[in-house]
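Chemist: Feature annotation from TrEMBL assigns active site, for GATase activity to Cys2. Taken from TrEMBL, the feature domain 'Glutamine amidotransferase type-2' covers 2-213. Per TrEMBL, L-glutamine binding site is recorded for Asp100. The ATP binding site annotation in TrEMBL covers Val292. Annotation source TrEMBL lists site 'Important for beta-aspartyl-AMP intermediate formation' at Glu368.
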Amino acid sequence: MCGVIGYFGDRVPTQEARHLLHRMAVSVQHRGPDDAGFYIGDGIGFAHRRLSIVGIADGHQPMANVEGSLVVCFNGEIFNYVELRDMLEARGHRFRTTSDTEVILHLYADRGDECVDHLNGDFVFALWDASRRRLLIARDRMGVRPLFYARRENTLFFASEVKALLGVPGLSAEMDPFALDQVFTFWAPVPPRTIFKDISELPAGHLLTADDGGMTVRPYWDIAFPDAAEREDGRAEADVADEVLALLDDATAIRMRADVPVGAYLSGGLDSSITCALAKPYAQSGLRTFSVTFGSQEHDESSYQREMVRALGTEHSSIFCGSDEIAEAFPSVVLHTEKPVVRTAPAPLYLLSRHVRDEAMKVVLTGEGADEVFAGYDIFKEARVRRFCARQPGSQRRWQLFRRLYPYLPGLQQQSPDALAAYFGAHDDDPADPLFSHRPRFRSTGAAKIFFSAALREELAGYDAADELLARIPADFARWHPLHQAQYLETKFLLPDYILSSQGDRMAMAHGVEGRFPFLDHRLVELAARIPPAMKLKGFVEKSILRKATEGLLPPAINTRVKQPYRAPDSASFFTGAEPDYVGRLLNRTAVEKTGLFNPLATEKLLSKCRRQANGFRDNTAFVGVLSTQLWHEAFTKRSAWQPGHHEPSRTIQYGDA
């Protein structure tokens, strides 16, 4: 992985362009500590920070074709580059390097914008077609790699991280209040909206094209589920399981391609265990695995990690992550997420990627995506129970079913039927609502908005964040099976906007580590979308078809274990040990009044409750959200935690000049 930076528009004097690109590149050098390169042309400029993984000796970027008419700046990996190269060579193309970057140049020359349809990978690339004076920017289908952009007068600026864009003179870091509302509803803003008012995010599976006539953004891929009324093909479950395993094995194999060692995260859950089991035969020097352990039984999975290490014989190392470690890392987490968060879960992953880099590794496979693709989350089971409640409002089974949903939440077992009904919306939600499956999550997170200041509430009056989700739902959404509707919402929004961002790319790349996700191979995603819902969620057994497909790979205790969601201690992290200085500094009444986003008195009471650890679920979410927003404001709006550097990067490669 790497950092991609650039501009297109008004012509800029060479020295001014060079200085601007250098300044922007330095702010994301953590994404690519191995190399730096630049291209400056007529109204176009690229900068690149490289993390060398494939084609180490000859993969310098930006990369041009022989004629110099095409230049590409690329972040990510093309996993099927070997097959694409063979196909292109058979069509007469001649390659000068061994890198996957050059494949993009030749594929574009051969297929134009449709080149993206042939790529199997996690990527963002910017490609300059000089003969047409046209810029093409593409983001991978699932949204693994990020891309942000902004317009300043007549120039388009873009970068892998917002930090680089804030190095553009005159570009504001002003907060978008509607994006903050979305964070306190969906856990993240919905692209193209970002927390920065003047900066947009290119959505997953989209292309941005720009020329002297203007700019357009359009989708090139989406998940397609069949109509619920459509007749199933009647295939035997065993045959479907065999196809799932074969494709997952291939997805893993091509993600082991690298000129450096590839390791894997091992949480002890089903998904990471499958990933490690499939990866091990392709690890020529043995597979290294990495994990996080916690002090509390509620969060720790180390016994399952040890069982998988014994079963696979991997070279394993782990880090302990306690409250003090989370609290110490949290300001850095917010600096790298570049947006507020309502969970501390990114912090252990930030610390784990640092450990991986300290161990001289820079590529890891992870199990993210399996829960979205194969219906593993509790929210899918919860929606099924809530639909049952809507059909059978008088049934006494409702409350037992709700309690069965979350056996790992002891507080839920003591709740009264009325409290359970209120929390899950068992009486009020309309099953015909497109967002039915996710309404309880939106409500429980959104309850923290009670801490918004009066001024912010006034600015948000009449705004409903759900409208932006509804506007992006496909036209045939209503015809899908309810499970597929829920999977679409989880896969298209929470996955790219939070899981792969705040917990994924940002935490790994903070230390120059690339994460790869076999479960998010688009071929597997498309296959899983066609699998009947009953094979994915069988009663209360989540990911049933995946368990069947991989039952011979894992110890029975791993294959059959009930999912334990990845979580980390939240507000307690800041008060179990020594309270960090920044908590009192940012949450005192004066500081909160100055920021103007939260009610000072309510925040003061919230802080007092959390210090006494007398807070409930809403307060827990609210505290992390308020604290991270205050940290974000200090880091970006005030620009106190970072400043773009002005020194030259270690290596300059220039293909063109103005």
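Keep in mind that glycine also has a Cβ here, set from the backbone N, Cα and C atoms.
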Chemist: Mean pLDDT across the domain 'Glutamine amidotransferase type-2' (2-213), rounded to an integer, is what?
Modeler: 95
Chemist: Tell me the Cβ neighbour count for Cys2 (active site, for GATase activity), meaning other Cβ atoms within 10 Å of its Cβ, over all protein chains shown.
Modeler: 31
Chemist: Spatially, and counting Cα to Cα, which of the recorded positions is closest to the residue listed as 'active site, for GATase activity'? Options: Asp100, Val292, Glu368.
Modeler: Asp100
Chemist: Do you know offhand how many angstrom separate Val292 (ATP binding site) and Glu368 (site 'Important for beta-aspartyl-AMP intermediate formation') by C-alpha?
Modeler: 15
Chemist: Look up Glu368 (site 'Important for beta-aspartyl-AMP intermediate formation') in the DSSP assignment and reduce it to helix, strand or coil.
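Modeler: In three-state terms, Glu368 (site 'Important for beta-aspartyl-AMP intermediate formation') counts as coil.
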Chemist: To the nearest whole angstrom, what is the C-alpha distance linking the residue listed as 'L-glutamine binding site' and Glu368 (site 'Important for beta-aspartyl-AMP intermediate formation')?
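Modeler: Their Cα atoms are separated by 24 Å.
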Chemist: Any idea what DSSP makes of Val292 (ATP binding site), helix, strand or coil?
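Modeler: Once the DSSP labels are grouped into three classes, Val292 (ATP binding site) ends up as strand.
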Chemist: If you draw a 10 Å sphere around the Cβ of Asp100 (L-glutamine binding site), how many other Cβ atoms fall inside it, taking every protein chain shown into account?
Modeler: 25
Chemist: So how many other Cβ atoms are close to Glu368 (site 'Important for beta-aspartyl-AMP intermediate formation'), meaning within 10 Å of its Cβ?
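Modeler: If we count other Cβ atoms within 10 Å of Glu368 (site 'Important for beta-aspartyl-AMP intermediate formation'), we arrive at 26.
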